[in-house]
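Read through the structure below, which is laid out as structure tokens, and then see the notes.
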Amino acid sequence: MVETYRGGLELLCDSKKIHNVNVEFEQQNGEDKLTMKGLLSWVRTNLIKERPEMFMKGDTVRPGVLVLVNDCDWELSGQLNTSLEEKDVVVFISTLHGG
Amino acid sequence: MSWRWGLGQANLLKSSILVVGAGGLGAPALLYFAASGVGKLGIVDHDKVELNNMHRQIIHTEAYIGQPKVKSAAAACRSVNSSIEVVEHQEALRTSNALEIFSKYDIIVDATDNAPTRYMISDCCVVLGKPLVSGAAVGLEGQLTIYNHNGGPCYRCLFPTPPPRTACQSCADAGVLGVVPGIIGCLQALEAIKIAASVGEPLSGRMLLFDALSARIRIVKIRGRSMQCEACGENSTFNQQYFREFDYEKFTQTPLCVFWLSLRPIMKLIFESRISSKEYSEIILNKEPHVLVDVRPAHHFKIVSLPNSLNIPFSTLESRLPEISSILKKDEEEKDAVSESSAPPLYVVCRRGNDSQRAVQYLHKMGFNSAKDIVGGVESWAQNVDPNFPTY
């Protein structure tokens, strides 16, 4: 799975914009699918190096962060319940205000 | 040009476009609007032209430094095309004047640089039913989309809750490569001209993400209009009256204008824990022992810094507290053992005096009671103490 961080969010994970990750997750309640919810908690534990509050709020992303799964707003695929498959591309992008 | 455009040009001549912000995004957009023959072109800005704008705000020239950006931009547009009407709105956009100004135009272009103004512009467009071409750029990245057009989402549909203040960077603070807002501004001009001329597919319901460093442009699908949206949703009560009374600074916890930050510090400390740059210069002159911590980002510190200062960027302060403790302790030990045993005073400086206040407040909380901030930061130092100190 590929993850990208843009709009300054990359600064929270060693300034690296693109992460090729292999998420190992525990099966829960017999479900064997990884969801965005599972990915976010994995990211928080394994990738975010500083200021997690700049990335997450509660169990979801903080206001002002757009999440794209395969170039599509996660709002259209079920947000935290979006199920992920191998080779999916997830982009976390912080909205910009400057100009 | 194809026959389709023939009618497009006639449409363009009949159209009116308002550009909010004559900065890095607005500069190229305005030039293209003027050159392409938009019938009526409005410009809103309250700011003055500064030398440090020049690298990105290409509509302005050195001859206009110190003059209103609106005046400079309007003159440039008129010199490109004398046949169009250019309207100057030399004022800051407020809930009190936005409705009146916006209602005179068909299309609004958001070329501003801060979150509260972006919410205000979007809400005003929703209330008046105007399409909004919104662009943003910071550093080496840009974003572009059209809001409130053809059933597409508004800014609030996408961002119902404002981001934390610390997540908002302006070009003036974070820096931007001039050509990046230039490219986004050109794309804003393109999208606005397409709407005005009624040609092509507008970038509505989609967002363009530009990454200059890797030379990548990605166009992603974004959500449609949200029925629950506070501004444009089904049960929205957002009307003109509600808009006029909405407090955008409170909503986003950000002053509407970056310049205000220097005048209206968000956190006011008690007088005793602050000193002026002049007072600090006397401390240096008298060789009083002290520790100076500079909380600006490392790349700012590299440009210029005060003598004998230690750079601990605000974002890393928490993790580097032990470092401050050990320095204070060392200085304490070096002092004559018989004299008073209290730690030397700790001073904190930043660019304009906002982060330093936050840092001092935090340091007090963590038990560093001697911490004081230097009012107005290194900018005040340059203004009041050392006129040769470079500002940026």
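Backbone N, Cα and C atoms are what each Cβ position is placed from, and that goes for glycine too.
According to TrEMBL, the feature active site, glycyl thioester intermediate maps to B:C171.
Under the heading active site, cysteine persulfide intermediate, TrEMBL lists B:C350. Taking the Cβ of B:C350 (active site, cysteine persulfide intermediate) as centre and 10 Å as the limit, one finds 25 other Cβ atoms among all the protein chains shown. According to its DSSP assignment, B:C350 (active site, cysteine persulfide intermediate) is coil.
Annotation comment: TrEMBL describes B:G24, B:D45, B:N52, B:N53, B:M54, B:H55, B:R56, B:K69, B:D113, B:N114 as ATP binding site. Sequence-distant contacts of B:M54 (ATP binding site), defined by Cβ-Cβ distance under 8 angstroms and a gap of at least six in the same chain, are B:H60, B:E62.
Around B:C229 (Zn(2+) binding site), the same-chain residues at least 6 positions away in sequence with a Cβ under 8 Å from its Cβ are B:P153, B:C154, B:R156, B:C157, B:P160, B:S236. As annotated by TrEMBL, Zn(2+) binding site applies to B:C154, B:C157, B:C229, B:C232.
Positions annotated as domain 'Rhodanese' by TrEMBL: B:286-390.
According to TrEMBL, the transmembrane segment annotation covers B:12-35.
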**Prompt:** Given B:D113 (ATP binding site) and B:C350 (active site, cysteine persulfide intermediate), what distance in Å do their CA atoms have, once rounded to a whole number?
**Reply:** 21
**Asked** When DSSP states are grouped into helix, strand and coil, how many residues of the domain 'Rhodanese' (B:286-390) land in each?
**Response** 45 helix, 15 strand, 45 coil
**Surrounding CB atoms that lie within 10 Å of the CB of B:N52 (ATP binding site), all protein chains** = 11
**Message:** Other residues near the Zn(2+) site, CB within 8 A of the CB centroid of B:C154, B:C157, B:C229, B:C232?
**Reply:** B:S122, B:V126, B:Y147, B:N148, B:P153, B:Y155, B:R156, B:L158, B:R225, B:S226, B:E230, B:A231, B:G233, B:S236
**Message:** Looking at the binding-site residues listed here (B:N52, B:R56, B:C232), whose Cα lies nearest to that of B:C350 (active site, cysteine persulfide intermediate)?
**Reply:** B:N52
**Request:** Reduce the DSSP letter at B:R56 (ATP binding site) to three states and note it down.
**Result:** coil
**Complete:** Of B:G24, B:N52, B:D113, the binding-site residues near chain A (CB under 8 A) are B:G24, B:D113
**Asked** Could you give the maximum C-alpha to C-alpha distance in Å for the residues B:G24, B:D45, B:N52, B:N53, B:M54, B:H55, B:R56, B:K69, B:D113, B:N114 that bind ATP per the record?
**Response** 19
